[in-house]
Amino acid sequence: MALTMLLLLVAAALTLIETRAGPHSLRYFHTAVSWPGLVEPRFIIVGYVDDTQFVRFDSDAENPRMEPRARWMEQEGPEYWERETQKAKGHEESFRVSLRTAQRYYNQSKGGSHTLQWMYGCDVGSDERLLRGYLQFAYEGRDYIALNEDLKTWTAADMAAQITLHKWEQAGIAERDRAYLEGACVQSLRRYLQLRKETLLCTDPPKAHVTHHPRSYGAVTLRCWALGFYPADITLTWQLNGEELTQDMELVETRPAGDGTFQKWASVVVPLGKEQNYTCHVNHEGLPEPLTLRWEPPPSTVSNMANVAILVVLVAWPSLELWWIL
């Protein structure tokens, strides 16, 4: 059992996903947390296909439901989400009971902060057949009990976990878990991979615009935004009178928007009043042709630009700095 699951550390979860064997994986991470003053423990589920979070449940949400976190999961109908929500709420209740049980096993008071975590899933090969299944529990961030690789026996981390091990052996829990991991887990992963494959055939073009951000000393930042595009591969460049400004451009990494699409921006610092000499160029496979954009000042700004330029020259330097901060 080489698992040290820390509360809601998604980066660690992704590291586990990327280093495990198998071309494709389905994993679920369940976490219940109690702390003083909390009426009921907070319960969170996140599900991953490979390195992509595709579902999430949070008991602290206004209307707790299993929700899609990947665009391709939006193809699932209301029946699927209702079924998954009911399963999540069932797991939530089981976790509350198990959290109290673990506190009793370790002779802990009810008033402290406690964490119970559960990770399970399956890996399939390129032929979509099972490579391995796994199921592990952690309590207070430390290993508690895990299903062994044979999917038939358990390893308990300490004496308290031995109590659980004996209970589960008598109840035949390993056989039930093995049936799920070898059956429904693999079938679900195959379905999700198919949904993702169908979505990969679609593209969403970026929605692009340029924003204007004043700086000190008579300069401004022009930032070119590309939002809501899919897939993630995109090119943003700035040009001055037709020449690329690669060296003078700040470019951020492409980031997920949280709805299955992506966003990115690129910026340059330019002299005040010279903004129209700069163009942003956006290239993405969802576009029929690359976009070329300039900053478009509001009508009121255009009419007053000469007055603003004169004012900037006349004001004292401390006032200019204050105007920039505001």
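Any Cβ shown, glycine's included, is placed from N, Cα and C.
Not measured: the values here are computed from a predicted model.
Annotated disulfide bond per Swiss-Prot: Cys122-Cys185, Cys224-Cys280, in sequence order. Summarising the annotation, Swiss-Prot assigns domain 'Ig-like C1-type' to 206-294. Residues or ranges marked as region 'Alpha-3' in Swiss-Prot: 204-295. What Swiss-Prot lists as region 'Connecting peptide' is 296-305. The signal peptide feature in Swiss-Prot is assigned to 1-21.
Neighbour list (Cys224 (disulfide bond), Cβ cut-off 8 Å, at least 6 residues apart, same chain): Ala208, His209, Val210, Leu236, Trp238, Trp265, Ala266, Ser267, Cys280, Val282, Leu293. For Cys280 (disulfide bond), the count of additional Cβ atoms within 10 Å of its Cβ stands at 26 [all protein chains shown]. Each residue of the region 'Alpha-3' (204-295) gets a DSSP state, and the totals for helix, strand and coil are 3 helix, 52 strand, 37 coil. Note on the domain 'Ig-like C1-type' (206-294): its mean pLDDT in the predicted model is 92.
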